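Input: a single structure, listed below in structure tokens.
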Amino acid sequence: WRSGAGAPCSTLVPSGAVTIDYRHGLPVITLVLPTRSERCRFTVKPMLTTVGAFLQDVKREDKGIDKVEVFAADGCKVSEATLMEVLLMNDFKLVINNTAYSVSPPVKDKLSSEHATEMEDVKSLVHRLFVALHLEDHQIRKEKELLQKLDRLKAELLPLEQMKARITDSADAKTSRLLWVGLALMSTQGGALAWLTWWVYSWDIMEPVTYFITYGSAMAFYAYFVLTRQDYIYPDAKDRQFLHYFYRKSKAQRFNVERYNKLKEDVAEAEESLRRLRQPLHLRLPIQELNDKD
């Protein structure tokens, strides 16, 4: 056999004399050593081993080999710096002394199908080893970071909490006064109607008055619904009035409600992340890292 690139004349051996199969995800090249006349297996790491390293291993196994080279299917010599992963993508010829062996690597798609389970097992083992070796250091480092973050957030939140407490007390006091004023007005109205009914006028005269007062109250409740889109329920009305006083007071004292809410959310997230880190039966990842993974 003579290559098209000036390779020396060699005896061409039919395909099958040199075989390649995969075991545990690594290619195993089996060939017959010319001097010793025995089959020998070479396991290579495709992504790390070069063609030159493989050829040196072959020469070390058989001291009677003077020259060993690799040629592509078109006759071009393959550089010794080429990775075995690249070489095994296509057919090639292995020339030992004056004998050329035609080599046909297995199809890569078929290989992936046959050894997918083994590769997944290897990946799972590597992942478990990494977790076992590095999880504790990672956990300690993340816990320290979260504690520092919590201290910083709480220090920033403390003056806002104090200001919010003062505003809340003021708004609650105004809301309570408004409720008592409403009770006093209703009591005054009831007393006035009773006095007019029994001491000044008769029920025949006061009955239309009470009817229109009731009708006016119904109109007032309906107007409340039109303006707020809520039924006039006493607890909801109280909360609405409290929020009105609270936001008006906050604006007057320049209390940043949005900033306060953001800090509260950050504190809650950091505390939940810290709880997960200290919980041995869970993945022990902070909330932010869980979101990143998703």
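Cβ from N, Cα, C; glycine included.
Residues or ranges marked as domain 'Calcium uniporter protein C-terminal' in TrEMBL: 61-263.
Summarising the annotation, TrEMBL assigns transmembrane segment to 178-197 (among others). Tertiary neighbourhood of the transmembrane segment (178-197): same-chain residues 203, 206, 209-210, 213, 238, 241, selected by CB-CB distance under 8 Å and a gap of 6+ residues from either end.
The transmembrane segment feature in TrEMBL is assigned to 209-227 (among others).
Through the fold, the transmembrane segment (209-227) approaches residues 189, 193, 196, 237 of its own chain, all at least 6 residues removed from its boundaries and within a Cβ separation under 8 Å.
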